[in-house]
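TrEMBL lists 1-18 with the feature signal peptide. Residues annotated as transmembrane segment in TrEMBL: 62-82, 89-111, 117-139, 151-171, 177-195.
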């Protein structure tokens, strides 16, 4: 459907905003001023939703999250290559792999087929909501500094469009596990738009 195409395009555009970080790492051959945790958590989120899409037999979920997981894995590997603290980064990657393997084992072996989809959907929903709410610290920083310099406007736009389209997609499928976790994405994006309007670039002050 058209809505599925919008979900696919908007989400891939949101993932593609990480390409600027990739270009910076390749150009400077360093990871200075680039955060590693968002790559890791987004990759875990993609893997979880990929599993949910496979259980549900939803081609849109499978396509989006397979591409998203591949992109995030690429970002992680490049970050690891250029990071001076390789041991710390590698430990975080191994921890993520351990969590993913443990999760796969739990849902495959300990959860019966009838409730597997619902439990995985609940887990993915909670994880996605946590990810959408995690940048609230940045929003508080914007208010304190009266500057939106730490926010990405393209990422805000793509997050708003992606969250809105996935919310509608979930409503169309009557799937609360897709609908509910995307509502916080809409809310936080609207708050960011308000901050961009209130603290215009000309009012920016250095931190």
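Each residue, glycine too, has its Cβ placed from N, Cα and C.
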Selected stretch (most C-beta pairs under 8 A with the transmembrane segment (151-171)) from 62-82, 89-111, 117-139, 177-195: 177-195
Positions on the same chain near the transmembrane segment (177-195), where near means CB under 8 A and six or more residues out: 52, 61, 118, 121-122, 124-126, 128-129, 132-133, 135-136, 139, 142-143, 148, 151, 156-157, 159-160, 162-164, 166-167, 169-171
